[in-house]
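Provided herewith is a single structure, encoded as structure tokens, for subsequent inquiry.
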Amino acid sequence: MFSKLTPLAETGIPTLSCANAAGRLLHSDSRQIKQGDIFVACPGEYADGRSYIPAAVANGAAFVFWDDDGKFAWNPEWKVPNQGIKDLKHRAGILAAQVYGNVSDGLKVWGVAGTNGKTSITQWLAQAADLLGEKTAIVGTVGNGFWGALEETTHTTPAPVDVQTLLYRFRQQGATVAAMEVSSHGLDQSRVNGVSFRSAIFTNLTRDHLDYHGTMEAYGAIKSRLFYWHGLKHAVINVDDEYGAELVGRLKKDCPDLAVYSYGFSEHADIRITDFTASSDGIAAVFQTPWGEGKCRTRLLGRFNAQNLAACIALLCANGYPLDKVLDVLAKIRPASGRMDCIMNSGKPLVVVDYAHTPDALEKALATLQEIKPQGAALWCVFGCGGNRDRGKRPLMGAAAVQGADKVVVTSDNPRLENPHDIINDILPAVPAPECVEADRAAAVRYAVEQAAANDIILIAGKGHENYQDVQGVKHRFSDLEIVGQALLTRK
């Protein structure tokens, strides 16, 4: 695997025969091709891009790079210049980077990896960097683009050619920084090959995606690849996480030229969180760092968000921004959409919409809300589990809900191609006395809002910012935030 842009001879990619590429866009989806664009055709996760060469040519492709596996042959009827490259599936990002002129070399690219927290941290880094004088682009789950103007996306980390095209466009639009969520799928499928990462954050490693990775060991090994990236200058690691603490030790041994910064509540952390306080108004903490000590108070909720703030402080200070200014701008940041998103109406329950879809994330979200729950009030949890994903996670989610909430409503998430009732039945053994079982998620949300007391807190977990529900392969319009708003309006 080639993680970082290297000379052509070292990557094994031959000298590119694509002339006059400057200004052209590359795409691996033939439907995006416009007159003069370049098509990159290689086998993908679900389809073989080489099957779509005729469509790309019909749409105006001026050049085609294609995966030369020794079996596929170029059809002379496709009368456009072309070049076959071996193992293009894993080299597409490097190829695109070279065609675009290595644009990520001219950006401060910050990567964020880990099971939970990637979206919040990338969006906070973008907001903070903008306030510090940068122009920061975002690549991640909620969308790609600039803060306040994100375009929806289907993948946390896009396809390799799309990643490079995004970076090229961002640079054209004046970006100086790119904050990127780096998923385990993205690392495993070579989607970020060719990206010059300057700094990287590791948030945590908890159970997720085992339907894909198989074991936690394999999952962790893939996550750690980002921190061995050629040219990486700073690694920022959560040492409150067991895997993170181990990773710090390995990196200090294996990468003597890498600046490694640990963060967390641990007394051994380089960026240590102390004097933490939490209320319904937000959190505050003192951060002891190699650059000095300071306090930050924000409207964010949760102990885990203090850890996320520490990660941001470490990365920003490592990149040369003064600690006092970093703390000042972080106090002004807004939560990412669907991440501990509070909907408050006077005389009605506080409803919090969060993307928590792993046992660890659900446990932490509920613990946060228990801390701020009024005396005598109840904490509700409305959640489900995604279909066609790790079945072993379902009872663990149920157990986390029972442990952390006073009242549990079990419902659907994105059932995908599974029967919603089958998914619920996998959850229920861990939820012996649910308040309600309702497969219709909208009805489940309305039930909780209608039945909760005025001083109760309701966590709607799992979908966060998503504006759809995937049922039998069809994405129907659905938003937890919208359903909650409507339910609060009609509550008597």
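The first residue you see is number 1, and the count goes up from there.
Cβ atoms here come from the backbone N, Cα and C positions, even for glycine.
Look at Swiss-Prot and you will find Gly114, Thr115, Asn116, Gly117, Lys118, Thr119, Ser120 tagged as ATP binding site. The meso-2,6-diaminopimelate binding site feature in Swiss-Prot is assigned to Arg389, Asp413, Asn414, Pro415, Arg416, Gly462, Glu466. Under the heading N6-carboxylysine, Swiss-Prot lists Lys223, citing sequence analysis as support. Sequence annotations record features per position, and here Swiss-Prot assigns motif 'Meso-diaminopimelate recognition motif' to 413-416.
Map these features onto the structure and tell me what's around them.
Around Asn116 (ATP binding site), the C-beta neighbours below 8 angstroms that are at least 6 residues distant in the chain are Thr203, Asn204, Thr206, Phe304, Ala356, Thr358, Asp360, Ala361, Lys364.
Every protein chain considered, the tally of other Cβ atoms within 10 Å of the Cβ of Gly462 (meso-2,6-diaminopimelate binding site) stands at 27.
Of all Cβ atoms in the protein chains displayed, 25 besides its own lie within 10 Å of the Cβ of Lys223 (N6-carboxylysine). Lys223 (N6-carboxylysine) carries a helical DSSP state (H, G or I).
Secondary structure of the motif 'Meso-diaminopimelate recognition motif' (413-416), assigned with DSSP and counted as helix (H, G, I), strand (E, B) and coil, comes to 0 helix, 1 strand, 3 coil.
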Which secondary structure state does DSSP assign to Lys118 (ATP binding site), in the simple three-class scheme?
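The residue in question, Lys118 (ATP binding site), is helix (DSSP, three-state).
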How far is it from Asp413 (meso-2,6-diaminopimelate binding site) to Ser120 (ATP binding site), counting Cα to Cα, in Å?
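Cα to Cα, Asp413 (meso-2,6-diaminopimelate binding site) and Ser120 (ATP binding site) are separated by 21 Å.
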With an 8 Å cut-off on Cβ distance to the Gly114, Thr115, Asn116, Gly117, Lys118, Thr119, Ser120 Cβ center, who else from the chain surrounds the ATP site?
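Leaving out the recorded residues gives Val112, Ile121, Glu181, Thr203, Asn204, Asn308.
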If you draw a 10 Å sphere on the Cβ of Thr119 (ATP binding site), how many other Cβ atoms land inside?
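Other Cβ atoms within 10 Å of Thr119 (ATP binding site): 23.
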Taking only the residues in the motif 'Meso-diaminopimelate recognition motif' (413-416), give me the average pLDDT of this model.
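On average, pLDDT over the motif 'Meso-diaminopimelate recognition motif' (413-416) sits at 98.
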Using all protein chains shown, find which of the binding-site residues Lys118, Arg389, Arg416 scores highest when you count other CB atoms within 10 A of its CB.
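Result of the Cβ crowding comparison: Lys118.
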How big is the Cα-to-Cα gap, in Å, between Gly117 (ATP binding site) and Asn414 (meso-2,6-diaminopimelate binding site)?
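Cα-Cα, rounded: 21 Å.
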